[in-house]
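Trainee: Below is the structure I would like to discuss, written out as structure tokens.
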Amino acid sequence: MTDLPPSTPTMSTPLLTAEDLLREPEGTSLLTSIVIVSFYLLTWVGQSEYAQDITTDYNHPGFICYLNHSILVLMFPLVAICLKLKGGKTFSEHLESWRGTYTWREVAWVYSIVAVEYAVCIWSWVLGLTMISVSSSNALYQLQCVFTVWFACLFLGEKMDRRKWLGCTVAFVGIVGVVLPPYFQDSDDESSKFDSIMETMTTLGMIGIANAVAVVPLLFVLHFSGQEKFGMPESSDVGARLFVNACLSFIFDLSFALAIYLTNPVIVSISSALVIPLSFLADNLLHSMQINYFSIGATPMVLVGLFILNKDEDDDEDGVEDYMLFGDGEEDVESSSPQRKNRD
């Protein structure tokens, strides 16, 4: 997630190629991929709904975020157990390999900054859940892809071509279509895949440690500024629900890492828009909120917009035949993919 290797692709690197679209993750069946992505989406919606519910009894979003992120330290014993079961590297050897050429002081500094930024972002999200529905919140979340493209063009000099304009426009219109109507109504092998999952879990665990230390001053700022007065849960029931909420957050982060590496980033990125109709359904079942079918109908526009934004630029010139998911398209993929040519 955050400890990017030196070979990390720049914004000009295609995010989605025809090869990515047609690639089936090795060792992962279609049914397994569907189950993994479905579990990831359900934990996303479930944790969001639970976080919204608990703020009604314990309105301290800053402390809730602190607990949710600090519990990520449990990734470390989980990684140690997985390494022991697989055999090979010890946990200490894994940590040395994970940090690469960085010193532990540099790691502590970087992850403290990441933890603070992460805490501020999630604090604003939890605070916002008290003002809007989970479905609207998850729809607005999809704007992150649009803003990433805009900021890359603004600050990094990325070229804003017709494909990006089309993707941003379609996704933005789709998101507006989801959010606004309610207000007007009453190839990796198995070994490298395992290592990647362990590295991501270690990264999350390091964020948990950094959060437990570096975010404490923010809690004092919130308390003494009067923005959020600290207070212990009024009952053991609320305390137990705080713990459950933190566990749900932990499960969601873990499911995200598994979904990324057991399927592929493209599937996870595009399927994330499916949390919108799932959130509408959850809002209806849990809070008796009326389902807005116009908003649900706008969800495919979000999916199409995200697909266009993630689509490989060079494939626009090669034609649509490489994207045919039925028939014999693999030979075209092999010859047209710029990544495959570079590897060869």
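Keep in mind that glycine also has a Cβ here, set from the backbone N, Cα and C atoms.
According to TrEMBL, the feature compositional bias 'Polar residues' maps to 335-344. Among the features that TrEMBL reports, domain 'EamA' is placed at 76-179. If you look up TrEMBL, you'll see 319-344 marked as region 'Disordered'. Here TrEMBL flags 28-46, 66-86, 107-127, 139-157, 164-184, 204-222, 293-309 as transmembrane segment.
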Trainee: Count, for each of 28-46, 107-127, 204-222, the Cβ pairs lying under 8 Å from the transmembrane segment (66-86), and report the range with the highest count.
Mentor: 204-222
Trainee: Compute the average pLDDT of the predicted model within the domain 'EamA' (76-179).
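Mentor: Summing pLDDT over the domain 'EamA' (76-179) and dividing by its length gives 76.
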